[in-house]
């Protein structure tokens, strides 16, 4: 084993550090800061490739970071062949996409620093997913990818559809991730090992719980990799910027579910339920995605549904659990990452330069961008499975994996069904690949050319580089074959060994490839007939409708439950809490005492009424004040009694030798009493609602039962102590703290954080009291002038108002007699008012949204919706 301690964790930490530094760097450098953002994934890719020879030879690279050694908790990392293939995609392609971002985004674009930082965090989280060897750490990194992808998809948060798509993706991936976590706990508990490698090497025995656990884990994988019927979120996530889509939805995030299925397949592929779930959902996803891709006019949506189809293909291969399928999965994993990222980046260039991604509006781009057209055509050829690209080698390996009799699973009949489905899915893939090339670059006589500037060489470099890698792996498949063989080594072998190659002779997979090319070309040429067929097919409710139906159902149930449980009554809430305490632990304690499972402590030595007679006196004060508080119907006396009760408890602490604790309690009680005094001044004198009849009896009974349970539980627990009390440790180590007062030592040393919390509470309460006092004083200052108004002034104001009302009434009676002569006068008055408004000083004139002070002396609020209205002038 190659031990590289702290190196891989350091690379993960580098992602976090760079993410923190990126926002100010983007403000200074603009989009060029993305070149710095690409450093962490580039370092990760270089490190992984440096370990490749040993990993391929069967010696995984490991790293361990101790977290809580006493509890046996640590961060363990393990990089084997599958992890290495994923790092090539996550970090290698990621570094290229970061360079592409430097040319794609504009200077001063809104939220660019945040986007760069979150994209680097996503890269680090995805690197953690594919390298960690602990189930819980895997889940943490898994959810980090969901959260960061939510922020990336919703980057333009001013658009409602972007926010909606981001929420939809988060709900789907995070919700299924919670199911996956439950499955992880069940698997780890059954196996007695929470390491991924240990779980795969020694899987737990079968049983109903194992079946449930596998279903839950696969639900998480299917949600992340957009398998039917959870595929709806991926096309919606295309609202993200194109580099984000190329990274998340082609190279990295959506591969998380594929990775998990392929990671667990060596240990669980023999489970019948696992195999048919993976094969069934994978094949259905491949067919549905390919069929939906054929009807898309948006190039990006075409690639999105094509990605759904390819993800189904990858899940199918990864979960089969045979050597040939494993070889095909690694080949197609690499092929899809390179060709789909290149195609997404190509769409980004087209959209950036022409302003559209619509097939019906594009024409002539092949003549005007020949280099980009050649690169995209080669990438699409790899997607279609044409030689001499890596997609062809992987597609032939996939067909070979399901040739009946060539592999031990899934049996002859199952293999025939899967082979037929793969051929149909490959035909659809060829057809939408041809549609992409034709739609993006062909000359269309019915469309007028759009004026645009060709992309710069630096802008077009990224898709060219990715396509060149895809072509290189196709021309020399021996470069990828050792990696594929290293992964497939632990899987059940078929009748013969299989290696990636462009030529295996005249075989059934080669003949099927010819059939796929012919049928796919015919389907593309007859695209109008296919479109008419799709339009005539009945429109069934799609998966996204099911998602919205589910969310609406959750809202409805939540509102119904909240309406019934959240009554707004604090006594009801407290009663529910006490009743729950009595029903669950209380019933268990009572059952244990009745059956004898819990021993009743003896009175001698375990039960004392008091240590000092003064305690009896203080206890009597506490009990009397508590009863008096409950019976008091006036608020203020009840507050005084409640405060006396608190001071009585402080006195109990003094008698038990804790004066510092008693002082703290006295301060808290004092501040609380002062706050409540100010509050009670604004409330009625008496309590408005008091329980009567059965409600009162039930309340008394519930409180008495709760008090009895707590007292009895404390008595039993004290007598059942098996170890020495922890307080003895404080006494033994008091000298080390350098103090004489044990309470002071506990507060200042052993429990310093608790003391800090109490200080914060006291400071917060003091600020609240000061605010109330100052607010009350300010209210008096404002109210005092109004209180000093004399009776004579009030009478004069009333007389003036009456005279004004009489004058208005006389004017109203005289107005009809004026007839039309009143109109010129009214118009002249209006002109005079307008002139007055025009010549008024700027600070008093109404100027649309920004208005001057009103007659009361306060600033009038702006109102853009009623700019310069008649009401404002009046």
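Cβ coordinates are placed from backbone N, Cα and C, and glycine is handled just like the others.
Automatic, uncurated: that is what TrEMBL annotation is.
The feature compositional bias 'Low complexity' is assigned by TrEMBL to 810-830.
Annotation comment: TrEMBL describes 843-854 as compositional bias 'Basic and acidic residues'.
TrEMBL lists 864-874 with the feature compositional bias 'Acidic residues'.
Broken down by DSSP into helix, strand and coil, the domain 'NADH-Ubiquinone oxidoreductase (complex I) chain 5 N-terminal' (71-113) contains 27 helix, 7 strand, 9 coil. According to TrEMBL, the feature domain 'NADH-Ubiquinone oxidoreductase (complex I) chain 5 N-terminal' maps to 71-113.
The domain 'NADH:quinone oxidoreductase/Mrp antiporter transmembrane' annotation in TrEMBL covers 133-403.
Residues or ranges marked as domain 'MrpA C-terminal/MbhD' in TrEMBL: 621-684.
The domain 'MrpA C-terminal/MbhE' annotation in TrEMBL covers 700-780.
According to TrEMBL, the region 'Disordered' annotation covers 793-874.
Note on the transmembrane segment (6-26): residues 33, 36-37, 39-41, 43-44, 47, 61, 63, 65, 75, 77, 79, 112-114, 116-118, 120-121, 123-124, 127-128, 131 of its chain, located 6 or more positions outside it, place their CB under 8 angstroms from a CB of the stretch. As annotated by TrEMBL, transmembrane segment applies to 6-26 (among others).
A Cβ distance under 8 Å defines the sequence-distant neighbours of the transmembrane segment (112-130), meaning residues of its chain 6+ beyond its ends; these are 11-12, 14-16, 18-20, 22-27, 30-31, 33-34, 37, 40-41, 44, 82-83, 86-87, 90-91, 94, 98, 101, 105, 137-138, 140-142, 144-145, 148-149, 151-152, 155, 241, 244, 247-248, 252-253, 256, 259. Among the features that TrEMBL reports, transmembrane segment is placed at 112-130 (among others).
The annotation transmembrane segment is assigned in TrEMBL to 136-153 (among others).
Outside the transmembrane segment (165-186), and at least 6 residues removed from its termini, the chain residues within Cβ reach (under 8 Å) are 135-136, 138-139, 142-143, 146-147, 149-151, 153-154, 194, 209-210, 212-217, 219-224, 230, 232-234, 236-240, 260, 544, 547, 551. Feature annotation from TrEMBL assigns transmembrane segment to 165-186 (among others).
Annotation comment: TrEMBL describes 325-350 (among others) as transmembrane segment.
Marked as transmembrane segment by TrEMBL: 414-438 (among others).
Within the same chain, residues 93, 96-97, 99-100, 103-104, 330-331, 334-335, 338-339, 341-343, 345-346, 349, 352, 369, 371-372, 375-376, 378-379, 382, 387-393, 500-502 sit at least 6 positions outside the transmembrane segment (459-480) and bring their C-beta atoms closer than 8 Å to a C-beta of that stretch. Per TrEMBL, transmembrane segment is recorded for 459-480 (among others).
The transmembrane segment annotation in TrEMBL covers 500-525 (among others).
Taken residue by residue, the domain 'MrpA C-terminal/MbhD' (621-684) breaks down under DSSP into 54 helix, 1 strand, 9 coil. In terms of C-beta pairs under 8 Å, the stretch of 500-525, 572-594, 756-775 lying closest in packing to the transmembrane segment (661-680) is 756-775. Sequence-distant contacts of the transmembrane segment (572-594) (same chain, at least 6 residues past either end, Cβ-Cβ under 8 Å): 565, 600, 699, 702-703, 705-706, 709, 712-713, 716.
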